[in-house]
Amino acid sequence: MINNVVLVGRMTRDAELRYTPSNQAVATFSLAVNRNFKNQSGEREADFINCVIWRQQAENLANWAKKGALVGITGRIQTRNYENQQGQRVYVTEVVAESFQLLESRATREGGSPNSYNNGGYNNAPSNNSYSASSQQTPNFSRDESPFGNSNPMDISDDDLPF
């Protein structure tokens, strides 16, 4: 049997982080996932999918992913049921996320330019743009920085392409 879920969507609210009596971290959140088609009025609808994540991943999600963040998750579908205060049986279907990944940079989420150079996360740090073979330095690209952000378009003729 296979029970595997992969979702990419935006968080509809900040994750709610709680701890079980045995001190296990658990976070609940929901993702708005766009459908692949448009409705009759030409608008793209979204599904709002309830998710839960456990342990260290729950703490990381609660600390780093906020409402509106574009998140990718992998996990599985789980159904459970309980009896509510009115004595009725309630069935819940949710995705148990086993891992997550933030899919956009912090600068993009906070309204900045994703291609802006930020000196590897150190503001106002002097930059050393000279590289010598003996220095053994590698460029320090931060997570938010594109190494090709300041490049110019290449001038290639069709004759130079191998296909």
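A Cβ is built for glycine as well, from the same backbone N, Cα and C atoms used for every other residue.
The domain 'SSB' feature in Swiss-Prot is assigned to 1-104; the stated evidence is sequence analysis. Counting residues of the domain 'SSB' (1-104) by DSSP class, helix then strand then coil, yields 10 helix, 64 strand, 30 coil.
For 106-163, the entry in Swiss-Prot reads region 'Disordered'.
Marked as compositional bias 'Low complexity' by Swiss-Prot: 111-135.
Residues or ranges marked as motif 'Important for interaction with partner proteins' by Swiss-Prot on the basis of sequence analysis: 158-163. Mean pLDDT, taken over the motif 'Important for interaction with partner proteins' (158-163), works out to 65 on the 0 to 100 scale.
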